[in-house]
Structures are given as structure tokens and as C-alpha cells.
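K.L.:
The transmembrane segment feature in TrEMBL is assigned to A:6-28, A:40-57, A:91-113, A:166-183, A:213-230, A:250-275, A:296-318.
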Amino acid sequence: MDWNTVLLLLDSTIRTATPLLLACLAGLFSERAGIFDIGLEGKMLVSAFLAAGFAYVTGSVWLGLLAGIAGSLLLSAIHGAASITFRGNQLISGVAINFLASGLTVVVSQSWFGEGGRTPQLGDGGRFGEVVLPGAIRLSEMTIREQRELPLLTRFYSDVLSGHSILTYIALLAVPLSWWVLYRTRFGLRLRAVGENPAAVDTAGISVRRLRYSAVAIAGVLCAIAGAQLSTAEPAAGFIRDMTAGRGYIALAALIFAKWRPWPALGACMLFGFFQALETRPDIFVRLFDLRVPSALLSAMPYILTVIILAGFVGRAIPPRAGGEPYVKER
Amino acid sequence: MTKFTTLLGASAALALVAGAALAEPAIIFDLGGKFDKSFNESANAGATRWAEETGETFAEFELTAEAQREQAIRRFAEQGKSPIIMVGFMSATPLNEIAPDYPDTKFVIVDAVVDQPNVRSVVFNEHEGSYLVGMLAAMASQTGTVGFVGGMDIPLIRKFGCGYAQGVMAANPDATVIANFTGTTPAAWNDPAKGSELTLAQIGQGADVVYAAAGGTGVGVLQTAADENILSIGVDSNQNYLHPGQVLTSMVKHVDNAVYEAMKAGEAVETGTQVMGVANEGVGYALDDNNASLITPEMKAAVDEAAAKIASGEIEVHDYSADESCPAIQF
């Protein structure tokens, strides 16, 4: 196995991990505040559709992203209303959001574009292009031989780190930002407290509802960026039905794997992204171990690892204590 | 839905006027939707062509959920529609149970065999068409490596891949064929992001022509191939127009002809199994203005010769689904 293959795999890992990471951080904020969110998938889907639809109609990918955020926030508001204001079951509300998104996107897209639940393919202005980091070399303009002669670090920087969409860099920056917000600000302390012991937060005179609503809203924005990445960031170019294909659930698995912490979330998403990247290269196993690994095994890896973690083999995963329980003030 | 109700109303009125003289044909589109740029859209084209030529009408229904399948077939049968055409192999099991209940109604199923006296089963020799595009791929490739991206890993799709690999080997025995499948669940039909990653991975291994037999996932494959300046091959419908000059050709299944013929025959439609292959122009490769510059006269001559030999039986393309094995490639 040569370095080129390794670099390609890592490049693909970062691209695949981006939507997972954003959705995982979304789940992190929501669940740390005590609101379980099965609806990550649905919010990503709605945002993917609106981002692609508006980017096509307006020709501006940023307006598309805004539309995606608006749609995702609306679903967050529904989830919030159901589970915070009306104290409903958070899991049921989340599942309902997934169904709603899966159906609505197809119906609306069919009535807008008449292409069977798809948006038209986006042209060059309608999607997030590749960002070339300062100092990076455009490898696509060089021959393979010239590329091989470059120092490894240069290739790593130019090939793996550079050349992703702006949304990927937003996702990577969101990790330290989330850590800072959760662990170094008053808002973050209260947010974590409200997921552990809302009664104590309430006694201190802080609104549990407002904190939980803001957590759910942050989750909405992050999910929206994840969805926009799927439909409008190169190499993607448009929406098709159910295109999230289970990424919201893998993000939830990553969240448990990371034990509800931001930096481990980055690690978990990169690991799961790496499995997905490996899935595209079954030849590597054949060359290295002379072994045919079924790709289904690799796609199941995130779930297998999560079960192992949950079973307590690698430390224990303890969810926020007040997670899933509506807060009743007068008890 | 309103369109459907109007159609029902109209057909009811017609039935009142005409008595039981002439039954109206009905068509049930599968889950991909009527405008999937592929399989169902092709069926719709055939039905529309019949309606325009004869000035008559047909009833139609688009499935949006698996649960509607049996209900939709029964409802059309109760209304006295005949023949009732359903596109997609998923309808085979319910049809096998329903057909004996309506012995006077004729059913047509595309892409599956249902052994009932009042059913016409239309099946396509996809392996023959894939063989032809495989030859074109091998002749167009400069690296000697070509790719295949399948949707869900099922025998039907392996049949495409196997025929393709045989065609590639026939044109260039030294060529390498890389085959990947998107997944093992139905989500694999609608995951363009994964399709993009698979295409990039195949490009990383040197592929410069990629054949997508993957439903909606193929959109991502064709897009990425166009972005990366390599050639792609579409499937089912003629998809050359999606990226003019960058789609080498498409493996066309003439579902439209099958539907058109069935509607034209009306209630007298012949039952039994109808095989659509290269010999009766049921499958083939697409050549139009969009890809004329990519297919040289030598390529065209070679493929047309192979097509003639397949039609005469001189070349026999191995059918993967016959014995679940492939001489040209190991999946």
C-alpha cells in the first residue's frame, strides 16, 4: 500500500466525517441539555432539501444554507414545543420529525420541480466549492509523478487538509468552539447542569425552558449545516429523497461512543468516517491481508463499537442524568 | 392525489358511457417515482406515447410507500382496469397472490417473473446491454482501468456488473475492472454522497470510465465523474444529456417499448414470459448528439458487431443470476 492510497483514504475520511461531526455536535448540545434528539436525521434531510432547492432557485449557495437553517430551526421548534413545553415523549417526537421530513421533502420538491422528489443538479455557483488553504499546492494541476516527488507533509497538507468545502472547516472549528462554550462559559455550565439536575438550575432562578430551547436551536443550526454539506458542497450537487441515508443515526452512535464530549466526538466521527472511507476500498484488505472483507461489516462497525461501549467493555457511557425526562416545575 | 381522483372520476364516467366495452389500462410506478430520470420515467414515456398515438387514457398510480403496493394493484383490478402494468421487481410477490383472484384481468410485470396464467412477465437481458457498454468503456479508457458502481448488493445488480466486466475483458483482456456496491439496504439506491466517494476511490485506483447501476446514487457518480473529468456510463434511461460530452453512453433498457406494446395489445396482451434482449432491441447502448464526439467510428463498429453476434447467439454473455457466479470478475 503506497502513501497515495493512505492520503486518498484520509481525504475521503474527512469529507465523510463532516456531516457526521456536525450532527454529532448537534446531538451533543441537545442531549447535554436533557433533550434526546432522534430527529437529527430529519433535520439534516429538510436542510439538505431546502439548501439545494434555494441554491438552485436563487443561484446563491449561501441563501440556500440560510433556508436550510430556517427549515431545520422550524423542526427544532416543533421538537422543543413537543418535548419541553408540552412535556411529550422526546423519542416519539424525534421519530415523528424523521417521518415528517422524509415525506415532506419529497412532496414539496415534487410540486416545485416535478422531478420525482429531486432538485435539479446544481451548477458551479450553486454549490460550495473547494477551499484551497494558504500555501497548499493544487495537486490536480500536477501529474502523478510530480505529486509523488513532493515531501509527504506537503502532500498531506495539500491533499488531505486543504481542498474541502468551507462547511468542513466550519465543522472542524465547531469542535473547539463547542468545548469552549460548554466548559468555559456560564451558559455552558448552566446547559450541562440542566441536563443533569434541572431542579437545581430552577432553584437558582434560571429558566430551564429557555436553556433547553436554546440548546435545541443550536442543534437545529448544526444539523442544517450538516444537511447543506450533503446536498450543496462539492462533490454533491443536489438533493434526492432520503439522501441522509442513516447518517443521523450514525451520529447518535458516535455521540454515545464519545460519551457526550466534544473532543472525543471529533475522534469518534473521524473513526466512523474512516470506516466508511475504507468501505469504498475493499481492495486494500485484499492487498494487505489477502482477505475479502464484506463491506456490510464495515458499515456496521459504528453500531458494533457503540454496543461494545454500551456494554461497558471500554469504560462506561453514562448519559446526562435528566436526559429524556420533561422538567415538571411544580413537583 | 387529486390528479388520481380526477382520473378515477373520468374513468368512472367513461365506464358508464361505454358500458363494459373497453377496459382502460393502468400503470403502477414503483417507489423511485414517475420522474426518476431512469426506470419509471422510461415506463411513463411508453405509456404517454401510447396515449398520444391512440388518444385514449390510462390510469396511473405512484407508490410512495411499500404498504400501498398490494392495495394499489387490487384497487385497479376491482375497477376493471386491464391490463394492469407494474414496473419493478418488488411487486412480484404481491402480484403472485393477487393475480389468481382476478382471473379475467390481465397483469403485466416488468423486471420479474410471475408464473400465473393471466400475467405477462417482461424481463430484460441487462447483462447483454452491460456487455456492450463494457466494451465501449474498455475502448474509451486510456488507463486500462474501469469502474462499476452498483446500488444495493443484490443478484440483479451483480448481473449488470458481470455483463459489464465480460464486455470490458472482451475488448481489452488486460483491463482491470473495479466493482463496488453502495450498500446492502434499500438506502443504497439514494445515497449520492456515497456514490461520489466510491467514484473518487475508483479514480484513485486509476479508473477513467465508471458505470453506475445504482438508481439515485448514480446521480452522484455521474456528477463526480464530470467534476473530475473522467467518463461515466448511465443506466436504464438514456442519461447522456445529464452531463453532455462527459457521459460516454448509457445502458438503455427499453421499458418504454415494453409498456407501449402491452398497452397497445390491450386486454388481448399475450401472457407468459417476454425476454427483451439485444436481439429484439430491448436493451442497448445510447448514442445521441450528447455523446457522438466520444464514440469513434471504430468503437461503434466493434460494438455493433458484438451486438449482432449476441443477437445471433454467436456470443453468449454469462448471466450472473443463472448460477450466482461470474467468469470475468469476483465480487
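Just so you know, glycine gets a Cβ as well, placed from its N, Cα and C.
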K.L.:
Does the transmembrane segment (A:213-230) come close to the transmembrane segment (A:6-28), meaning at least 3 CB pairs under 8 Å for residues 6 or more apart?
P.N.:
yes
K.L.:
Given the transmembrane segment (A:250-275), which of the listed stretches A:166-183, A:213-230, A:296-318 has the most Cβ pairs that are under 8 Å apart from it?
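P.N.:
That would be A:296-318.
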K.L.:
Which of A:40-57, A:91-113, A:166-183, A:296-318 has the most Cβ pairs closer than 8 Å to the transmembrane segment (A:213-230)?
P.N.:
A:40-57
